[in-house]
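Annotated features, as they stand in TrEMBL:
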type     : residues : note
COMPBIAS : 1-10     : compositional bias 'Basic residues'
COMPBIAS : 104-116  : compositional bias 'Basic residues'
REGION   : 1-116    : region 'Disordered'
TRANSMEM : 138-162  : transmembrane segment
TRANSMEM : 174-194  : transmembrane segment
TRANSMEM : 201-221  : transmembrane segment
TRANSMEM : 241-261  : transmembrane segment
TRANSMEM : 273-290  : transmembrane segment
TRANSMEM : 296-312  : transmembrane segment
TRANSMEM : 319-341  : transmembrane segment
TRANSMEM : 403-429  : transmembrane segment
TRANSMEM : 441-466  : transmembrane segment
TRANSMEM : 478-499  : transmembrane segment
Amino acid sequence: MRSRTVRPIKNRGQDKKSRKKSSPRLGDTQPMRAVGQRESSSSLSDTKPMRPVSIRSGYESYQRAIDRRRQVIRTPKPVPEYSPRRQAAGPESVRRTGDMGHTGQRRQAARPARTPKRTGLAAVIAKSRSRAGVKEQYFDFDLLMVIVFLMCFGLVMLYSTSAYEAQADFGNDMYYFSKQALIAAFGVAGMFIVSKIDYHFYGAFAFEIYIFSIFLMALVQTPLGVTVNGARRWIGLPGNMTVQPAEITKIAVILFISYELCRLGKKAYTMEGIIRVFVLGAVASGGVLFLTDNLSTAIIVMAITCILIFVIHPKTKPFLAVIGVGVVVAAIGIAVLAVTAENSDNFRLQRIISWLNPEATMDDGSYQVMQGLYAIGSGGFFGKGLGNSTQKLGVIPEAQNDMILVVICEELGVFGAILILILFGLLLYRLMFIAKNAPDLYGSLIATGIFAHIALQVILNIAVVTGLLPTTGITLPFISYGGTAILFLMAEMGIALGISRRIRLEGE
């Protein structure tokens, strides 16, 4: 005979609510009460959980979110179709081109067939270490050498540019130099500390860094904000020090946008993913513009976002079409402004009008740019000699800031300008090398974002100095005066050097 399973009979005529309120079963723990005492609604069984328990559960959920982020930022880089690794993997791997590396554990465990070799100063140091029996680890000494040279060159030119004005204003010709040298020393120390930290740590907290940067920019509109030369862009700190939150936003956008692109995966190729990332960059850029009134930095922040989207996307033609449309719209807008906004009181519109017709506004809007062009022309090829500039003697105001390249061209000539371009070219080349050979997609995107930041600032500063763009106030990296800019530039270099430490060499 077939055995039957005995099942419990449900209480008939009771709905779910009444069954929940039914008397407790045998074995259920219930609090005891005295005879005659009514059952209170606030019995021990109904006691709400204590607050420390909820705090602990919230902390655990936040920790799980951080762990998920750490898994996201270790996404391997996509492998191109022509690489030997794809050819060895067979046709199935080739069909999966463009999936940003999401093909399972095999792809994560496999190593590329070709890995970088040591070059330059790094090769010399590696040979000396191998002879001494020291364990080999990659470190981009070429990048470090370029950074140190740029810093030293910048300090020399800063003293040459600012000595006269510092003596006239503060009675100390080394006022700007001493402050910049002290900040640069702290920046170099911070760079080495940051380079020792695994860059995945920043990715795990990229969202918090992004929110914190926006919060700092909002503080500019509070009584903590400081106005300098008519611009309210700084936060006052104890000890007569200030910090510019817009510089922090640049790093925050690089870290957070790179994380978002890794998290989206293949969705980053879709229009929905592009719009999402674009909006995140636009929020930060809008904060820089409306909270700190800094148009030039807002343009750089938005451009970094667009460059990272362009790098991650497999198609190029849509971006070229957007750039073409943008150029046409900008040209039409400038032509309209030249006709209609001549009598406007907006200082940004006045800068555009002065840029379009500099000779007519030499005494007002285009005075600084025209004096800079005179300085560049008078320098010749080899310049007047270090310290012999005449335009820095009160002719060009605040020459140590965004117009320091003018003094370099006057004192060192075209030769000095070419030397600057070579140094920045080497710096960008090393950053691109790190981006290409980074161990994962997140490291590659961070290095690309740092590359975009440096390249944009150098190009825009040179374009403003030579009159190709309206005056924006963008400084020259590592050379212009600015404490916050130097500190966070060195932090970016530390992150790049930290990524280089993770590069696997040929033969490892």
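Quick reminder: no glycine exception, Cβ is built from N, Cα and C everywhere.
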>> Counting only residues 6 or more past its boundaries, what in the same chain has a CB within less than 8 Å of a CB in the transmembrane segment (319-341)?
In response: 310, 313, 349, 352-353, 356
>> Quick check for me: are there 3+ Cβ pairs below 8 Å between the transmembrane segment (201-221) and the transmembrane segment (138-162), leaving out pairs under 6 residues apart?
In response: no
> Under 8 Å, at least three CB pairs between the transmembrane segment (241-261) and the transmembrane segment (403-429) (pairs 6 or more apart)?
Replying inline: no
> Counting Cβ pairs under 8 Å that sit 6 or more residues apart, are there three or more between the transmembrane segment (296-312) and the transmembrane segment (441-466)?
Replying inline: yes
> What same-chain residues lie close to the transmembrane segment (174-194): Cβ under 8 Å, and 6 or more beyond its ends?
Replying inline: 147-148, 151, 154-155, 158-159, 162-163, 165-166, 400, 481, 483, 486-487, 489-491, 493-495, 497-498
> In the same chain, which residue numbers or ranges, 6 or more beyond the ends of the transmembrane segment (273-290), come under 8 angstroms Cβ to Cβ?
Replying inline: 210, 213-214, 217-218, 246, 249, 252-253, 256-257, 260-261, 264, 267, 297-299, 301-302, 304-306, 308-309, 313
> Excluding the flanking five residues on each side, which residues at least 6 beyond the ends of the transmembrane segment (403-429) place their CB within less than 8 Å of a CB in that stretch?
Replying inline: 142-143, 146-147, 149-150, 153, 157-158, 160-161, 368, 371-372, 375-376, 378-392, 396, 451, 454-455, 458, 461-462, 465, 476-477, 479-481
